[in-house]
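Read the structure below first, then the notes.
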Ligand SMILES: Nc1ncnc2c1ncn2[C@@H]1O[C@H](COP(=O)(O)OP(=O)(O)O)[C@@H](O)[C@H]1O
Ligand SMILES: CC(=O)OP(=O)(O)O
Ligand SMILES: [Mg+2]
């Protein structure tokens, strides 16, 4: 595990510190490691493979897509199956887990079939301080000494990874990594579109919001079409919003769902976003689109902790403990 720490520099090192503390202070306890990548083992090989040669040196793990937020996706899949009264292996979902790092997952028949994060959590959507997918060559021009290392929290990390993980994303675009702040700057509630402020802060927030929405739609559209066009003619059970941004940003959910209004028009459902449901100040799993919508959208409060408890209980009961 030490060896793979560098693959998720914002996460694995801290996870390793917890593992060490547990081993040291709870030596009698039975430890269960819950991997955030496990849920994505069902992604087909052609989507896991990168079109690059095998490196000449040995790497701790093969350089393929692993995906992350798997604990969250498993928990959301289970919550949605319960909500819909379906078996877990029958649900078809497109899930957006949007937190300080964001990713999306295509879930068909209860299994992950594609996700946006890759060999590390950097690929895919931009995040609070992460670049997300960029032209890989850009970093050599931006930080010519990108393979030199810097010390972060007492360990070495390449300058390139530091820039891409910690000095990019929303923070780099508009000076804050909080999407709530970005939305309130970009859409000040008091002003009409005609007298919206044209200052730098407003413009930067606006650009960040547009960029994020655009990246998100560029992922969600093909994921939805995978479900609608599947040979088994399966139905979409939900477009799910989750994570801090997905659970809290009424505006982003509305803009995403409105983008798919054409699906409702073609199908003649009269469906789409239900402003009352979307804006309601309630907690827990709920649908936010009108009854009869073809793209049924939901908010699901994810719990990676619940999924870890479930995995640990399953492991212990299989051992008769
Ligand atoms: N009111 C809000 N509206 C939109 N986004 C919000 C709001 N409050 C917090 N957020 C976003 O939620 C993010 C945290 O999400 P969370 O899933 O808890 O992140 P983490 O990836 O750290 O687990 C914050 O970084 C912020 O961008
Ligand atoms: C795996 C990952 O990127 O998690 P988070 O988005 O919570 O940082
Ligand atoms: Mg999180």
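In case you wondered, yes, glycine gets a Cβ from its N, Cα and C as well.
These features come from TrEMBL:
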- 36: active site, proton donor/acceptor (ACT_SITE)
- 69: site 'Transition state stabilizer' (SITE)
- 97, 98, 99, 100, 101: ATP binding site (BINDING)
- 130: site 'Transition state stabilizer' (SITE)
- 304: Mg(2+) binding site (BINDING)
Residue from 36, 69, 130, 304 whose C-alpha is spatially nearest that of residue 101 (ATP binding site), among the recorded positions: 130
CB-centroid shell, 8 A cutoff, ATP site 97, 98, 99, 100, 101, site residues removed: 69, 102, 103, 127, 128, 243, 244, 245, 246
Those residues of the chain, 6+ apart, with a Cβ under 8 Å from that of residue 99 (ATP binding site): 127, 243, 244, 245, 246
Proximal residue to residue 304 (Mg(2+) binding site) among recorded positions 36, 98, 130 (C-alpha distance): 36
Of 97, 98, 130, 304, recorded positions neighbouring ligand 2, Cβ under 6 A: none
Which recorded positions sit within 10 Å of residue 97 (ATP binding site) - Cα, from 36, 69, 130: 69
Under 8 Å by Cβ from residue 69 (site 'Transition state stabilizer'), same chain, sequence gap 6 or more: 36, 97, 101, 103, 105, 115, 117, 243
Where the residue listed as 'active site, proton donor/acceptor' sits in the secondary structure, as DSSP reduces it to three classes: coil
Which of 36, 304, all recorded positions, has a Cβ with the fewest other Cβ atoms inside 10 Å: 304
Residue 130 (site 'Transition state stabilizer') and residue 100 (ATP binding site), Cα-Cα, nearest whole angstrom: 9
